[in-house]
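**Student:** Structure provided below as structure tokens; questions to follow.
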Amino acid sequence: MKKGVLLNADISAVISRLGHTDQIVIGDAGLPIPATTTRIDLALTRGVPGFLQVVDVVTQEMQVENAYLAEEIVKNNPQLHEALLVLLTQLEQRQENQIALRYISHEAFKEQTKQSRAVIRSGECSPFANIILGSGVTF
């Protein structure tokens, strides 16, 4: 049995295949997922698993260089936005790097998901609880 924090085989496989600048998306239950993109559906019921919980576990396995958020999260989901910023700051400290954070419109965000290797769907049911994570290198 795997000893690490991340036990989901599909997510683990996607992360192990990421190269520098490849992207994955962690989304809420309502984020549209392009038909051509790998879907990893974790949603069990409303709020389970939560968005931040999924981001926390995934980023313990993935080296993150940059991230995209929908700019709408700032006004429409300020508590989640603040919690996510704390999580990203902690990740920067663990990784000993700076994560470039970019805000784009939700429409542009949805377009950008088409470039990702996978979309991980959480059970989160709050507005704009989505992030695109760009893969970095560990050296």
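Each residue's number is its place along the chain shown, starting with 1.
Here the Cβ of each residue, glycine as well, is placed from N, Cα and C on the backbone.
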**Student:** Among D10, D22, D28, find me the residue Swiss-Prot lists at the same substrate site as H106, F128, A129, N130.
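**Tutor:** It is D28, as the record lists it for that site.
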**Student:** Relative to the mean position of the Cβ atoms of D28, H106, F128, A129, N130, the recorded substrate site, which additional same-chain residues have Cβ within 8 Å?
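**Tutor:** Other same-chain residues with Cβ inside the cutoff are G27, G30, L31, A70, E72, I73, N77, F109, E124, S126, P127.
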**Student:** In angstrom units, rounded to an integer, how far apart are the Cα atoms of F128 (substrate binding site) and H20 (active site, proton donor)?
**Tutor:** 26
**Student:** If you draw a 10 Å sphere around the Cβ of N130 (substrate binding site), how many other Cβ atoms fall inside it, taking every protein chain shown into account?
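**Tutor:** The answer is 25.
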